[in-house]
Structures are given as structure tokens and as C-alpha cells.
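Accompanying notes for the structure given below.
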Amino acid sequence: MVEKTRTLDFKIAFALGLGTMIAAGIFSLSGRAVYEIGSSAVIAFVIAALIASITAASYSEFASIYSENGGGYLFSSRTFENEYLLFGIGASLFMGYCATTAFYLGTMDHWVEQFVFAPALGLLGLGEIHLPGGVWGILTALALGGLNAQGTEESGTFQLMVTGAKVVVLFAFIGGAVAYAGPTQATTTFATGFEFGDPAGIVSIAALAFITFFGFSAIAASAGEIIEPRKTVPTAIAASIVTVTILYTFVIVAMVNAPVDDSVLRAGETAMGTVAASFMGPAGQALIVAGAIFSMVSASNASILAAASIGDLMGRQGQGPRSFSRIHQEYNTPFWSIVAVTGVIVLLITVFVGLFPAEGGLSGAVPFALGLEGLTGFANMNLLAPLAVVNVSLIVSRRRFPDIDRPFSVPAVPWLPIVGVLANLALITNLPPVGIVVAVLVEAVFVVAYIVWGGAPDREELIEKTVAARRVTANGGRGVETSGVPAADGETVPSIEDDTEPLVTDAKSVAEDRYQVLVPIERPDRAAHYARLAADIGRLYGDDPVVRLLNVTEIPDQTGSDAVIDTAIKRADRIEEELGTVREDLEATVLVEGHISRNVVFDILTTAREESADRIVMGYPEGRPDITEAVEYKAPCDVLFVSGMDEALDFSTITIGVGGGPHHDRLLDVASQLAHRGTTVHVVNVEPTGTSGTAEDVERTLERFDEQDRIEVHTIEAEDVVEALLDVATDVGGPLLVGASRNRVFRRSIFGSNADRVVRRSSLDVPVLVYASETGLRGRVQPALFLPYRYLLKLRS
């Protein structure tokens, strides 16, 4: 299993939090804040910072205990047990991060439209072109989603540079204002601009400004990558909040001293760009605009990753679609979680900025408008509510786990967290009502949907590694991956040791950077044959491959795992015994492990993903075709299914058919590798009679082989393709290799019509290997289009 490495030190963690906070909030809210309450905007931002600091303190204590990714959802799940409460927190934070990103990109959309796109049209002499609202934000969301899904990462040095650039832009803006007005006059104007007669207005701006300080959560959410997180996370959070509060104070000073009319400040989201032009000129404005857009995009990127981490954790804990927790084999990212996050962001921008903006859109046809103000309220509502629960979680955690080690402790518990809860609730009451209503409706829909669905078991409830992976050596020695594994009753099942000194004491180390073949074993008496087959396949792609033999003992939901622990251990022992002397000539490293699981398919697929398996070799479970089908469609790598495996296979001769499609093409790679190593390959070219099928291009198959002298072609006219294949395989001996069919999705069969018929009609004299290549999104769409295309060809011929 690939483990994350801690690479972020204090300065990177500090830059991460500071960079996330310097985003659309200060660029879009500062104009409105100064317009409504003047210099008192500083008070509003300080209030927001203080409230954020209380919750940040709770985050810091939890992060010092649980140094993992997941943030508020993780902390709550470690404290509470009510699944509906936990789902509500997770769903709310997920939507909060998505809405925050939508707010950043929606604001950026206005900046691009006003300061980039419109002037560019003027320079080109194209006149005015009005694009639908949110177009630039949507395009940027799609681009960021695509980059993150493919694993694009910012290095620590780059993060420092990004944050440094943001700070430089703000200092340029502040310096320009002070230089224009003069230090003395700037101070005087600011000091006389306070308005204390509108406390409700101050609190209202503070409620909106809270979103600008939520970047502290990005530090806690990345605790799994931070060096010495118990010390670094609290100090980085505190330093970033204090620093950004000081910066925001000076930005307000600059805005108050701007030589512009109130109408400019009233513009809200783009006011700061216009203000920059008033005392810095066009060049200064261009710098501020570029910095603002860059800041919004960078902060959006961080929020997308944070939302995806919430989706990933919810998927693992069974409170979200399981696909959210699947790590892409090539990109090493929670691919489907990022896809979902991107889709939600696009939807939010479309609804709030495109369809129901503050002005225009469909707002005239309905009695309400949303816009960026409504989106800000929606985002803050989805953040403030679960953050209030995090404060409650700290109080409950102190009482439930009084003896747990807390390297950082919040003072004055429970009073300080209670103040945090009340402050969060007070801010909620001052949010735009339309944002609150939409947030509550969306959350209600999610909760109802979850109740109807019922959730799924936590990953830890589905899989229990009773027998840790242990290496089986030629002289019978064993090396174990861990010294013991947790049993159902909380005790430790001791690892099994021989009197022989193990040659390897860490099975994890033997699998690094080597070709891995995962072999699920249902019947231990066939373990030796499958191990030999897997080793033969593995050696085609690398010297000394790793063969991981996995036995899964399935238990029903109502049965405790402690009832079958002995059985699982005995099955693993039996597999080792069955290997016997075979281990001496496998030329591969063999690992044996045993699991107890409530879902065999989930166990196999999870093991394949976590161990980065390059190939799965497994038998065709005659009584459980659902297992075969699920592994075939969902495996993160290619799968080779074997039927008729009562004895070791002889690969000196193999038989394959002529065909096409992704599964057959990947099968030809294996056949070509075997031919290169001396195997005689019999290619059966069936020319169908009547209307039983369509002819395939034999040359397309033959051109895949470099060793043409190892190829023998059998051209047969037959009405039944399956019978022709079996006849040749029986005559020449050796196994028959076939690829899964592309049209199996329509045939309601496991592998496809021909492949399934071969498995059913073959005898033990003809072992059959069915090859199924990894089926991604493209692989699922292509079969749906293939059958109509095939019939079209038949009609044309």
C-alpha cells in the first residue's frame, strides 16, 4: 500500500493557509464593506477573524491528535457515532468547499469580464460581446478539475512563490494608496471614517467576511503531509490568521482613501480593481487585476482538493459513493471525487451567477435573485454550521476521551468552544436569507437521500486483515509484513512464525517497484497451480515478480469476525502447505495473506488498488458469477480469469482466436510475450458460414507478433466459432486464450457471448483463460456503441 510522505514544514503550511485566505473575499468584499460601514469594515473583519480563531483552535487541538487528512469531518467522525449527524457534517463541508470555490471563480468571472475581456474587445475593435454570466468561471473550474484529476501538484517552493506573489500584490495596492494620499492624510481619513451607529451592519459584513478566513482549514486538512503536525499545525494556523488580518486591515485603509465615488464602491465584487486605477494608473490596475485573478484561481485549486478529500473520506466511511474513495491507478488521485466536486462547482456557478444573478438572467421571471451575495451566504452557511459542531465535538471529545494525548490543548474548555458555537450561530443569522434557505434545502435533500439509500459499511468494517502478508521462502521460512494484526475483540492476533529464521522481515519492502500479480484464492488446494501461472505471467513483464495470494473468508453482516479468525488463519496456512516444493522453482516472490470480509469483491478490488497490483489472476467462481462480473468491470488493472485449473498449465503451446476490441488487443500482448519466450501460438481464423457472425481480419492479429516462426494459422470454415476454437485447442494441446467480448453489456453475459460459451463448453482437457482489460469510463462507453456499429457493418455487407 502506498503511504503518503510528510513533506510540508512550517513555512509551507503557513503559506498554504495564508495563500488560501488571500482570495476572492478581500478582492470582492472590501468594496462593499467600505461602502456600507466605512472604516468600521476593519472591525467587521477582526470580528470574523476572532470567531474563526476560536474554531481554528478546536481544529488545532484535533489536528494535534489525529494527524490525518479530513479536517472537520474527520474530527467529528472520531468523536460522534450518529451516522446521520456525521453525514450531515460531511455533506455540508463538501458543499461549503464547493460553494467557496464557486464564489472565488464567480468573482473571478466578473473581474475577467470587466478588466480583461471587454478591454480586449475594444482593442480589437470588435465592439461589445456579452457572454452568459459565469462562463469564465465555469471554464476555469473545468480546467482546474481536469488538472487535479490528473494529479497536478504544487511543490512546496511553488506554494511559497504563489503566496509571496499574492502578498506583493496587496502591498502594492496598499503602498499605492498611502503614497497617493500621504501617510498622515491616509491615517486621518481612516480614523475619521469609523461608523459606530450601525452594529448590525458590522455583524452582517463580518458574517460575509468569514469565508475569507476559512483558509485555516486547509492547513488542518493537509495534516497528513505536514512534518511534526502536532506542533506545526497550531502555530501555522495562528500565524496565518494574524498575518491575513493585518493585511486586510491595511487593505481597508487603502480602500477608505480611494479617490472614487461611492458608486464605484457600490459595485462590490470589482470595486478594488477600479480603485487601483484611481491612484496607481493603468499599469497599477493591470498588476492588481492580474494578482487578483491569480489569487482566486490558486485559492480555488486548494478548495477543490479540500472538497475532494472530504468526498474521499466519506466514500471510505460508507457515507458517500464508494467510487469517491477510489484512487486512480495512473494519476494517484481520488479521480471520481474530484469529478464530482468539479461538477458541483459548475452547477453552483451556473445557478447563482448564470441563471439567477443579482441583475438579469432569470431573476426577472422569479421573485428572488441569487448572485454572488446569495452564493456567499450559501457557502458561509455550509461552513459555519458544521464548524459549530466541531466546537461541540471538542467538548464531547474531552469528556469521552479524557486520557488521550493532546499535544495542543484549547484553554477554557468548555467555555471557549461554547462562545465559538454562539458566535457561529450569530453570524448565520446575519447571512443573506436567500443563501440560508437554499443551503437548508440542499442539505435536507442530501439527508433524505442518505436515509433512503441507507449508506454503506465503513471500509474497516468490510475488511479485516487477519493474516498479514507474509513471504513464503524456498526453505519454508516466513517474513511478516506486520508483527500482528488487530482482531475483532481489539486484541492482537500474533503473527505466525516458524523455527526457521525468516529471510525477509518486511513483506511490504519486497513489493516496491516490482511487477505485482494479485491472485484471489478460493480453494487452497489449487493455490500451487495459480501461483505458478501468476509467476509465469509476472515474469513476462519483469524479473522476480511479486505474487500475492489472497484468501478471503466471507462472513454475513450479522456474524462477528472473531467467529472465523481461526478458519482464516488455517486457510492461509493451508495455502502455504499446498505450495510445497513449487516455491523452489517459481522464480518469484510469493506473499500469502488472509482477510475476513463482508464483501469479497470489495476486498479484492481494494487490495488490488492499495497494493498497486499490475495484474489480477483468478479462477472463474462457478457458483458466484457476480464476483467475476464485478471484478471484471471494476478492477483497477487487467484481469486474467482461468477455468479448468486442476493442474499446472503448460505454456509451450497456446491457442488464440482472431478478433478485435480492447480485450483482445491486450490479450495479444500476452501472447506476443509468450511467443518471444518460445511458445508456439496457434491462431484460429474462423470464416463463419451462414449468418452466424462476421469475419475478422487475421492480418491485424498476426502483425502483433515479431516471432512469426512461432505462429501457426488455422483457417476454418465453421458455423460455430466456439466449436472451432475448442477443436483446435484440443488437437494441439495447451490452454485456449480468449478476450472478453465488447458486446457483453447487451448480451447480459459475464465475458460476452463467445467467451462465456467457451467457458461453459470446454472440458478440463482444455483450460480456458479469459482476458479482460481494465475498464475505465471509455471502456464502458465503447461496448455500448459497438453492437450497433457491428450490425451496421453486417447490413452494409
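Yeah, the Cβs are placed from backbone N, Cα and C, and that goes for glycine too.
Any TrEMBL annotation is an automated prediction that lacks curation.
What TrEMBL lists as domain 'UspA' is 652-766.
Residues or ranges marked as region 'Disordered' in TrEMBL: 479-498.
When Cβ-Cβ distances below 8 Å are used as the criterion, the transmembrane segment (12-35) is approached by residues 41, 44-45, 103-104, 106-108, 110-111, 156, 159-160, 162-164, 166-167, 170, 205, 208-209, 211-216, 218-219, 222, 226, 232-233, 236-237, 239-241, 243-244, 247-248, 251-252, 255-256, 262, 264-273, 275, 292, 295-296, 298-300, 302-303, 372, 376 of the same chain, each at least six residues removed from its ends. As annotated by TrEMBL, transmembrane segment applies to 12-35 (among others).
When Cβ-Cβ distances below 8 Å are used as the criterion, the transmembrane segment (41-63) is approached by residues 30, 33-34, 71-72, 74-75, 78, 194, 202-203, 205-207, 209-210, 212-214, 216-217, 219-220, 223, 229-230, 233-234, 237-238, 241, 244-245, 248-249, 252-253, 255, 387, 390-391, 393-394, 397, 406, 408-410, 416-417, 419-420, 423-424, 427 of the same chain, each at least six residues removed from its ends. As annotated by TrEMBL, transmembrane segment applies to 41-63 (among others).
The transmembrane segment annotation in TrEMBL covers 84-105 (among others). Same-chain residues lying 6 or more positions outside the transmembrane segment (84-105) and placing a CB less than 8 Å from one of its CB atoms are 23-24, 71-73, 76-77, 136-138, 140-141, 211, 214, 296-297, 299-300, 303-304, 306-307, 310-311, 313-314, 317, 319-320, 341, 344-345, 348-349, 352-353, 372, 375-376, 378-379, 382-383, 385-386, 389, 439, 442-443, 446-447, 450-451, 455.
Residues annotated as transmembrane segment in TrEMBL: 129-148 (among others). Within the chain, the transmembrane segment (129-148) has long-range Cβ neighbours (under 8 A, six or more residues past its boundaries) at 101-102, 105-106, 108-109, 112-113, 117, 121, 297, 300-301, 304-305, 308, 333, 338-339, 341-342, 345-346, 349-350, 353-354, 357, 360-361.
The feature transmembrane segment is assigned by TrEMBL to 160-182 (among others). Residues 11-12, 15-16, 18-19, 22, 26, 154, 189, 247, 250-251, 253-255, 257-259, 272, 276, 279-280, 284, 287-288, 290-292, 294-295, 298 of the same chain, all 6+ positions outside the transmembrane segment (160-182), place their C-beta atoms under 8 angstroms from a C-beta of that stretch.
Using a Cβ-Cβ cut-off under 8 Å and counting only residues 6 or more beyond its ends in the same chain, the transmembrane segment (202-224) has close neighbours at 4, 6, 8, 13, 16-23, 25-26, 29, 32-33, 36-37, 40-41, 43-45, 47-49, 51-52, 56, 59-60, 62-63, 66-72, 96, 100, 103, 233, 236-237, 240-241, 244, 248, 299, 302-303, 306, 309, 373, 376-377, 379-380, 383-384, 426-428, 430-432. Feature annotation from TrEMBL assigns transmembrane segment to 202-224 (among others).
The transmembrane segment feature in TrEMBL is assigned to 236-256 (among others).
Residues 94-95, 97-99, 101-102, 105-106, 109, 132-135, 137-138, 141-142, 144-146, 148-149, 304, 307-309, 311-312, 315, 321, 323-328, 366, 368-375, 378 of the same chain lie 6 or more positions beyond the ends of the transmembrane segment (335-358) yet place their CB under 8 Å from a CB of it. What TrEMBL records for 335-358 (among others) is transmembrane segment.
What TrEMBL lists as transmembrane segment is 378-396 (among others).
Beyond the ends of the transmembrane segment (408-428), by six or more residues, the same chain brings 48, 50-51, 54-55, 57-58, 60-61, 63-64, 203, 206-207, 210, 230-231, 233-234, 380-381, 384-385, 387-388, 391-392, 394-395, 398, 436 to within a C-beta distance below 8 angstroms of the stretch. TrEMBL lists 408-428 (among others) with the feature transmembrane segment.
Packing against the transmembrane segment (434-453) from elsewhere in the chain are residues 84, 87-88, 91-92, 95, 319, 368-370, 373-382, 428: each is 6 or more residues past its ends and has a CB under 8 Å from a CB in it. TrEMBL lists 434-453 (among others) with the feature transmembrane segment.
Sequence-remote contacts of a segment are chain residues at least 6 beyond its ends whose Cβ falls under 8 Å from one of its Cβ atoms, and for the transmembrane segment (378-396) they are 54-55, 58-59, 61-62, 72-73, 75-76, 79-80, 85, 88-89, 92-93, 95-96, 99-100, 102-103, 207-208, 210-211, 214, 348, 352, 410, 413-414, 417-418, 420-421, 424-425, 427-428, 431, 435-436, 438-440, 443. The average pLDDT computed over the domain 'UspA' (652-766) stands at 78.
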